[in-house]
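Below: the structure, in structure tokens.
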């Protein structure tokens with residue numbers, strides 16, 4: 001019926017079941033209890049680990065019907081499709097620049113606001129771009 005009676009106390013996001021809420025709450029705890037046996041990289045959820053493991057197997061079962069490029073996850077294929085449609089629905093209110101992805105707009109906005117929304121859970125250092133945080137995380 002669309003009811004979502006289970007609410008996260010950290011961010012107020014609601015869920016239809018307690019198990020979905022529990023899975024979500026791992027995001028806030030930062031505890032990465034799932035480890036890849038190939039490279040020792042750690043993940044918050046089992047599903048994230050399983051998706052990552054396709055990097056090692058090279059498995060790419062989701063194929064773009066436009067260009068034939070393969071992806072390891074359905075979500076990656078959907079994200080890829082904008083390359084072919086040219087759709088850029090996200091517009092910067094500050095300068096009018098348009099983006100295909102919401103996250104690209106969020107990252108771009110940091111240039112105007114000097115925001116640093118990407119925060120290291122290990123030491124608290126913040127970054128304006130996700131890739132800078134990812135590079136930093138390798139130093140821990």
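Quick reminder: no glycine exception, Cβ is built from N, Cα and C everywhere.
Counting same-chain residues at least six beyond the ends of the zinc finger (6-28), those with a Cβ under 8 angstroms from any Cβ of the stretch are 44-45. According to Swiss-Prot, the feature zinc finger maps to 6-28 (among others).
Looking only at the zinc finger (34-56), the predicted model's pLDDT averages out at 91. Summarising the annotation, Swiss-Prot assigns zinc finger to 34-56 (among others).
As annotated by Swiss-Prot, zinc finger applies to 62-84 (among others), with the evidence given as sequence analysis.
Annotation comment: Swiss-Prot describes 90-112 (among others) as zinc finger. Tertiary neighbourhood of the zinc finger (90-112): same-chain residues 79, 82-83, 128-130, selected by CB-CB distance under 8 Å and a gap of 6+ residues from either end.
Feature annotation from Swiss-Prot assigns zinc finger to 118-140 (among others); the stated evidence is sequence analysis. Per DSSP, the secondary structure of the zinc finger (118-140) breaks down as 8 helix, 4 strand, 11 coil.
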